[in-house]
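S.K.: Sequence annotations record features per position, and here TrEMBL assigns transmembrane segment to 6-28, 35-56, 68-91, 103-131, 175-200, 277-303, 309-331, 343-363, 418-436, 457-481, 487-508.
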Amino acid sequence: PKFLIYVSGALSMWGDRMWHFAISVFLIELYGRNLLLTAVFGLVVAGSVLLLGALIGDWVDRNPRNKVAHASLFIQNISVTVCSIVLMLVFSYKQRIEQIWDGWLTVVCYTVVIILADVANLASTALTIAIQRDWIVVITGYNRGHLAGMNATMRRIDQVTNILAPLAVGQVMTLASNVVGCGFILGWNLVSLIVEFFFLSRVYRIVPALSVKPPTMEVDQVYLKLEAKSLTPTHACNCNASLNLKEITNLPLCFRRFRWLVSTCKDGWRAYYRQPVFLAGMGLAFLYTTVLGFDCITTGYAYTQGISGSLLSLLMGVSAITGLMGTVMFTRLRKTYGLVNTGIISSCLHLGCLLLCVCSVFAPGSPMDLSLLMPYITFNSSIEGGSNQPLVPDRSSIHWTNNTVLFDNVPSGTAPESYISIILLFLGVITARIGLWSFDLTVTQLLQENICESERGVVNGVQSSMNYLMDLLHFIMVISAPQPQHFGILVIISVLFITTGHTMYFLYAHKAKKKRRLDT
């Protein structure tokens, strides 16, 4: 079963990585190399998971494991398949479509593409929660050592596919066309759907424990039952209860459904807050508010500092290797020092490496302008034509590749006086990934081990919502301070958020150790 899970996970992750890369490129191409559609898509995806994360997790908890996995897999792959067909038609007949309904058919096509892509992302979130947060725990028989090994292996697969999958589909799109790229993704998803469906069904039959799932019971309902037993009901109470029940049942069906959805979300967030690993989960979420990663923000800044595309690609490869080193370090540290101490060591390593990024802000070659902290000086310098330049040059010189922005025509004179600052920045970002991925695996396993089986889905759904919320904050930060001279401020704010996250984990570790001492 482990091998089947690994193969199924590799196929799923490969398809996800190809699709996430390709859809961004397709949306840019469709809208005349403008970033508007991509920004709308990112906002829709983040907002939908933020709002529906608890509902997705609750759905995972309330249904049999095989039905959840099969339904999520089917919805995800079919949504991507239909979306690919729509994109192929739009790319092939774009001029004709723009002439129909005074161009409104084009808007309809864009809306359909974004909705289908968002549905695919929600289904992928449900599948990830089901397989990587629930199935793996049951398959390992709740053995902590085996669980750590499977988590680390799945993360290694994810790291490798994150580099290779966008590269593969990017080559197809470059050598052929966008239509061929859509067809390639379509074919991959259909084949992957069949193989993953068969493999997951096989795992479900091999592991009998997967078919046993405890019924979900709301904690509030338990408290109400206990109170009902301890109190003698009166006639007045019975009358009030019957009146309230009658009011609820008299509501229209749509309002009852909406009330149930709101109640489910509220109960999901309450369940998340009640968990003993709440602080650890929040600590992990705070790590998403950062510009210190290999996304378009950091790479765009690197280009303004004179770093070539080929060198940046090489640095991304090195960062993938350090990420794999983090997964290896996690398994060894957990075996030697235990899971909680592994998180402490990983946190210290992560923060220690990020100090290099803080030093880069004040090192020679940094474009950091401290006068930006004074609004009047900033206003005067902008009037006088200061050196403030946009973080991203003219869009016409942009080519989109694996989450990076490559510039053909970087203006002359943009190279800094010294490369010490940019070297320290990337040295800190790359080395910090060792502690980052080890810490991520630590919190993931803490969530797996300490959440009761009946709430595993909803709590992990809320965790996904928190991750997306903190990720949105980091984009808001960049929108508020978009220029290269602001990047140093963004680095400092990012480190503060990360420090806050690790502080939360330290508080959790202190409580966990104190509780362990009291129990012994």
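Don't overthink the numbers, they just go from 1 along the chain as shown.
Here the Cβ of each residue, glycine as well, is placed from N, Cα and C on the backbone.
All annotation found in TrEMBL is predicted automatically rather than curated by experts.
Note that the structure is a prediction, hence the values are computed from the model and not measured.
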S.K.: Please give the sequence-distant neighbours of the transmembrane segment (343-363): residues at least 6 beyond its ends with Cβ less than 8 Å from one of its Cβ atoms.
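M.R.: Cβ under 8 Å, 6 or more out: 280, 292, 326, 329-330, 333, 337, 418, 420-425, 427-429, 431-432, 434-436, 438-439, 442-443, 446, 488, 491-492, 494-495, 498-499, 502, 505-506, 509.
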S.K.: Count the Cβ pairs between the transmembrane segment (457-481) and the transmembrane segment (103-131) that lie under 8 angstroms and are 6 or more residues apart in sequence, then report whether there are at least 3.
M.R.: yes
S.K.: Short question: which residues 6 or more past the ends of the transmembrane segment (103-131) have a Cβ under 8 Å from it?
M.R.: 5, 8-9, 12, 16, 19, 23, 26-27, 30-31, 37, 40-41, 44-45, 48-49, 52-53, 56-57, 59-60, 65, 68-69, 72-73, 75-77, 79-80, 82-83, 86-87, 89-90, 94, 97, 200, 457, 460-461, 464
S.K.: With a Cβ cut-off under 8 Å, give me the same-chain residues at least six positions beyond the ends of the transmembrane segment (418-436) that come close to it.
M.R.: 287, 292-294, 298, 302, 305-307, 315, 318-319, 322-323, 325-326, 329, 346-361, 363-366, 491
S.K.: Counting only CB pairs under 8 A, let me know which of 6-28, 35-56, 68-91, 277-303, 309-331 has the most with the transmembrane segment (175-200).
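M.R.: Ranking 6-28, 35-56, 68-91, 277-303, 309-331 by Cβ pairs under 8 Å to the transmembrane segment (175-200) puts 68-91 first.
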S.K.: Given a Cβ distance threshold of under 8 angstroms, which distant residues of the chain, six or more beyond its ends, lie next to the transmembrane segment (277-303)?
M.R.: 309, 312, 315-316, 319, 343, 354, 357, 391-392, 403-407, 410, 422, 426, 428-429, 432, 436, 439-440, 443, 446-447, 450-451, 459, 463, 466-471, 473-474, 477-478, 484, 487, 490-491, 494-495, 497-498, 500-505, 507-508, 511
S.K.: Going along the chain, which residues at least six beyond the ends of the transmembrane segment (309-331) come within the CB cut-off of under 8 Å?
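M.R.: 148-149, 152-153, 155-156, 159-160, 162-163, 294, 299, 302-303, 342, 346, 402, 404, 406-407, 426, 429-431, 433-438, 441-442.
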S.K.: Grab the same-chain neighbours of the transmembrane segment (68-91) for me: Cβ-Cβ under 8 Å, and only residues 6 or more beyond its ends, written as numbers and ranges.
M.R.: 12, 15, 19, 23, 26, 29-30, 59-60, 97, 106, 109, 112-113, 116-117, 119-120, 123-124, 126-127, 130-131, 135, 177-179, 182-183, 185-186, 189-190, 192-193, 196-197, 200-201, 204
